[in-house]
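Everything below concerns the one structure shown next.
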Amino acid sequence: MNSCFIILAGGESKRFNSNTPKPYTNYKGKPLLLHSIDKAKVFNKFNKIVLVVNKKHKNFIKKLNIKNIRIITGGKTRAESAYNALKSIKENNFKNVIIHDAARPNFSLKLLNKLMNELKLNDCVIPAIQTADTVKQKISNNVKNLKRENIYLIQTPQAFNYKKLFELQNNKSEEVTDDANLFVRAGKKIKIIKGETTNNKITINSDIKFNNLIKFGIGFDVHRLVPNKKLYLGGVKIPSPIGTLGHSDGDPVLHAVTDAILGACSMGDIGEKFSDKNKKFKNIRSTILLSEIIKQTLKKGYLINNLDINIITQKPKIQKYKKQILNCIAKICNISPTQINIKGKTTEKLGVIGKEKAIACEVIASVIKND
């Protein structure tokens, strides 16, 4: 579908009351805005992703090293930021545009899919949930009860026909709190779909809660060392006269990491996912296998919290390559290097590892369930 996903993260975060602006605050294992970016990428139906940021937050955005998305500066208000984003993609001739607030990191891919499907027959589609609370309107010193069945809490992402929305933005006479309001004021039809109660908005600092389910998994792998084979450890090619024997590239570190993550997520093991009886995986790089597992775990709502890795080998010594391995794994898993710890161990020349005939690795992974 010819579509663009816009993420608004250009606010001042005044109500959030923190030295770190809200979009860059750690939430469920990574900066808040990365949740929306990663979900948009995994959804894999957007031709372009646009991130709108506050010009005062350049140092924060630079540290994230975000790639393959367009980053632009927002305006003084949410409406201005949305308009800036729409203008920035005018030449792309997108049919549809999804606009989302970075402050809502908990939307699901299922909700995105519903929005895109409804957009085939509508120009404006928004998710909403009915309030379960009693709602009153204050009038002077009195209050008036409002009918709950008529009260909706509006959420993002919101989906639009790009051309229709851009026309309304160009002709607006006053500011609006969200883009759907432009359709309301113009008397245009709006399609409301059922939102998600978990798709809450992070507004103040106390909204950041780690009330998530943390799960753990253990991974272990060992490979024989033989002549005339390449040696890969943690995705890094290690200079060595001998290498690991395996159906794939024989990387014991990435295999153990993969199994630990699968175990933590209750998703089986690496042998079930990538059978050594399947010729398709013959000599395949383990970086590709781990990348696929990361995509699968993200779709199920799991985020990696921490990896603790023991690489057990007499030779080579791991210290020299530790930083390379750490950065490689962090990149594949889409986490910060600070969430990974790597330790090199020997067996004091005991057993097959001590005799330099094998290399082993054990990993403990912790993950957070993003419900």
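Positions of Cβ are set from backbone N, Cα and C atoms, glycine also.
So that you can see what the record holds, here are the features copied from Swiss-Prot:
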BINDING   ASP221, HIS223, HIS255  divalent metal cation binding site
BINDING   ASP221, VAL222, HIS223, HIS247, SER248, ASP269, ILE270, GLY271, PHE274, SER275, ASP276, LYS277, ASN278, LYS355  4-CDP-2-C-methyl-D-erythritol 2-phosphate binding site
REGION    1-214  region '2-C-methyl-D-erythritol 4-phosphate cytidylyltransferase'
REGION    215-371  region '2-C-methyl-D-erythritol 2,4-cyclodiphosphate synthase'
SITE      ARG15  site 'Transition state stabilizer'
SITE      LYS22  site 'Transition state stabilizer'
SITE      ARG148  site 'Positions MEP for the nucleophilic attack'
SITE      LYS201  site 'Positions MEP for the nucleophilic attack'
SITE      HIS247  site 'Transition state stabilizer'
SITE      THR346  site 'Transition state stabilizer'
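Here the features listed in Swiss-Prot are placed on the structure.
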| residue | record | DSSP class |
| --- | --- | --- |
| ARG15 | site 'Transition state stabilizer' | coil |
| ARG148 | site 'Positions MEP for the nucleophilic attack' | helix |
| LYS201 | site 'Positions MEP for the nucleophilic attack' | coil |
| ASP221 | divalent metal cation binding site | strand |
| HIS247 | site 'Transition state stabilizer' | coil |
| HIS255 | divalent metal cation binding site | helix |
| PHE274 | 4-CDP-2-C-methyl-D-erythritol 2-phosphate binding site | coil |
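Across the recorded positions listed here (ARG15, LYS22, HIS223, HIS247), the residue whose Cβ sits among the most other Cβ atoms within 10 Å is LYS22. According to DSSP, LYS22 (site 'Transition state stabilizer') sits within a helical segment. Scoring each of the recorded positions (ARG148, LYS201, HIS255) by how many neighbouring Cβ atoms lie within 10 Å, the top position goes to HIS255. Counting only residues at least six positions away in the same chain, the Cβ atoms of PRO252, VAL253, HIS255, ALA256, ASP259, ALA360, CYS361 sit under 8 Å from the Cβ of ASP221 (divalent metal cation binding site).
Across the fold, the C-alpha of LYS22 (site 'Transition state stabilizer') and the C-alpha of SER248 (4-CDP-2-C-methyl-D-erythritol 2-phosphate binding site) stand 42 Å from each other. Counting neighbouring Cβ atoms within 10 Å of each of the recorded positions (SER248, THR346), the lowest count belongs to THR346.
For the divalent metal cation site, the Cβ centre of ASP221, HIS223, HIS255 serves as reference, and the other residues of the chain with Cβ at most 8 Å from it are VAL222, THR244, GLY246, GLY250, ASP251, PRO252, VAL253, LEU254, ALA256, ALA360, CYS361. Here the candidates are the recorded positions ARG15, HIS247, ILE270, THR346. The one whose C-alpha lies nearest to that of ARG148 (site 'Positions MEP for the nucleophilic attack') is ARG15.
The 10 Å shell around the Cβ of ILE270 (4-CDP-2-C-methyl-D-erythritol 2-phosphate binding site) contains 24 further Cβ atoms across the protein chains shown. Straight-line distance linking the Cα atoms of ARG15 (site 'Transition state stabilizer') and THR346 (site 'Transition state stabilizer'), rounded to a whole number, equals 52 Å. Checked against ASN278 (4-CDP-2-C-methyl-D-erythritol 2-phosphate binding site), the recorded positions LYS201, HIS223, HIS247, THR346 differ in C-alpha distance, with HIS247 being the nearest.
Counting only same-chain residues six or more apart in sequence, the Cβ atoms lying under 8 angstroms from the Cβ of PHE274 (4-CDP-2-C-methyl-D-erythritol 2-phosphate binding site) belong to SER248, PHE281, ILE284, LEU289. Of all Cα pairs drawn from ASP221, VAL222, HIS223, HIS247, SER248, ASP269, ILE270, GLY271, PHE274, SER275, ASP276, LYS277, ASN278, LYS355, which the record names as binding 4-CDP-2-C-methyl-D-erythritol 2-phosphate, the longest spans 32 Å.
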